[in-house]
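Asks: Quick one: the structure is below, and I'll ask about it shortly.
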Amino acid sequence: MSKATDELFKNVISHAKEYGFVFQSSEIYDGLSAVYDYGQNGSELKNNLKTYWWKAMVQMHENIVGIDAAIFMHPTTWKASGHVDGFSDPMIDNKDSKKRYRADQLLEDKIAKYEADGKTDKAAALQAAMDDALKAENLPRLKELIVEQEIACPVSGTRNWTDVRQFNLMFSTQMGAVADDADVVYLRPETAQGIFVNYLNVQKSGRMKIPFGIAQIGKAFRNEVIARQFIIRMREFEQMEMQFFVRPGTQKEWFNQWKEERLKWHLALSIDPAKYRFHEHTKLAHYADAAYDIEFEFPFGFKEVEGIHSRTDFDLSQHQKFSGKKMQYFDPEVNPETNQPYGNYIPYVIETSIGLDRLFLLTLVSAYEEEDLSTAEKQDSRTVLRLHPCLAPVKAAIFPLTKKDGLPEKAREIMDKLKLDYNIQYEEKDAIGKRYRRQDAIGTPFCITVDHQTLEDDTVTIRYRDTMSQERVAAADLERIIGNLVSWKNLLK
Ligand code: ATP
């Protein structure tokens, strides 16, 4: 990361704190590692991002419905899904610093260094050796590579490493009063399983016909070995997932369709398309037959924001096996090749899984601008969040020009009408210019000023965040003007 982008990213993080977007959890106790809280503006932005996703996925698709499953699930769920045995990262400790690292990430850092130095052959060779070792789950080989590459601990500077071990990422706790093994429950590491175990409930109660999807937004928990890059890698985070159930044999077609549709959803936010790319998985998860990530170029490089996975019939078959309950769907449609109904089968699944916190950071980083407004006469600048109006935490701010002459009352009268539909803020402190700057900093698209003329002719000035231009409009027109720009139609068309 160059010094300038490093600086910019630091500024975004402090801006997020200063303006009530993101706080470190339990900050008064020095924080809890990789856990964050969303403040008054952050939670509004996050809710708007959820709404955008929910509307695009559920409301815009007749064959997709949404659910809200519990975080706790029967422990056998996680045996069936493979998480008890397989959801782990290879970790290694430095004996001198006592710091713990992910073995694959130490090697990835080395590969990145080779690439930065133009040693592409060495980078490719190490990548291949690491992929082989990960695929074969050959932990001694991973250690060997770390030793061969002479990788030292960034903290102690020594190469005094332990062996590589697998570390399960699931958090567990106990349910009920008696603490024995039978009561161990996990905090879900992904929301997907809540969908799989409910697939027949939804299919039957909703009379859903294949292909159909089930969407869900909710918290997930992973005891990440190392946490870094702010809200990119958290121990408690939120996912927006959709599982799409399809006829076996059609998964490739649906996979390609969802890949395109999800990228389109991102691009509708009007963020520079050059910042997005697809990344194909070479090492597939145990359940997948194809997987792509949508990556976004953060200031620290490209990072996965969303995964699109072809999960085969793995999960439903496993749940059928472990629960003894049939997971089959009866497909009455006639197969033109056999002239018979397709009949009973376990559906295949295409998953789209996006991390809400990574999407939040992507949105914030893209919207943040330190704008130089200097003229020949005077130096000036502002920090502005150019958020899409649909996503802005506050849709409009309303200012009485002064605190007297009935202007506050008039301003509140206008606000009382607008607040029924939109999140509106009222501010009467400080000069108007200062109030504009505060609203720019949280991305409010409109500021409305009520002055003495308003009392005479019911007009107000509306000032636009992006252009900073102002115009005089009838107060009665505000609802229409704001409504047009913050309408979800602008994103969903
Ligand atoms: P990574 O390789 O970065 O650990 P992953 O491949 O494990 O991610 P998935 O299991 O595919 O991630 O989860 C789907 C999405 O959930 C990811 O694209 C990401 O946006 C989000 N996500 C996963 N782990 C975290 C985390 N620890 N903190 C925040 N978001 C996360």
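Glycine is treated like the rest: Cβ placed from N, Cα and C.
Straight from TrEMBL, here's the annotation block:
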BINDING   R102, E190, F237, E238, Q239, M240, E241, E351, T352, S353, I354, G355  substrate binding site
BINDING   222-224, 232-237, 304-305, 355-358  ATP binding site
DOMAIN    126-389  domain 'Aminoacyl-transfer RNA synthetases class-II family profile'
Asks: Note the mean pLDDT of the domain 'Aminoacyl-transfer RNA synthetases class-II family profile' (126-389), expressed as a whole number.
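Replies: 93, rounded to a whole number.
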Asks: If you measure C-alpha to C-alpha, which of E224, R233, L356 (binding-site residues) come within 10 angstroms of Q239 (substrate binding site)?
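Replies: For Q239 (substrate binding site), the binding-site residues whose Cα atoms are within 10 Å come to L356.
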Asks: Do you know offhand how many angstrom separate R235 (ATP binding site) and R102 (substrate binding site) by C-alpha?
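Replies: With the alpha carbons as reference points, the distance is 15 Å.
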Asks: Using Cα coordinates, what distance in whole Å links T352 (substrate binding site) and V305 (ATP binding site)?
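Replies: The Cα atom of T352 (substrate binding site) is 11 Å away from the Cα atom of V305 (ATP binding site).
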Asks: Compute the C-alpha separation of E241 (substrate binding site) from L356 (ATP binding site), stating it in Å without decimals.
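Replies: That comes out at 10 Å between the alpha carbons.
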Asks: Find the longest CA to CA distance in the recorded substrate-binding set R102, E190, F237, E238, Q239, M240, E241, E351, T352, S353, I354, G355; express it in Å as a whole number.
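Replies: The widest Cα-Cα gap among those binding residues is 26 Å.
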Asks: Of the binding-site residues R102, R235, F237, Q239, T352, L356, which ones put their CB under 6 Å from ligand 1?
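Replies: Those binding-site residues that pass the cut-off, since their Cβ is under 6 Å from ligand 1, are F237, Q239.
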Asks: Which whole-number value in Å describes the distance between the Cα atoms of L356 (ATP binding site) and R102 (substrate binding site)?
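Replies: The Cα atom of L356 (ATP binding site) is 24 Å away from the Cα atom of R102 (substrate binding site).
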Asks: Between E224 (ATP binding site) and F237 (substrate binding site), what is the CA-CA distance rounded to a whole number of Å?
Replies: 11
Asks: Cβ-Cβ under 8 Å from R102 (substrate binding site), same chain, 6 or more residues apart: which ones?
Replies: D89, P90, M91, I92, V225, I226
Asks: Where does F237 (substrate binding site) sit by DSSP, helix, strand or coil?
Replies: strand
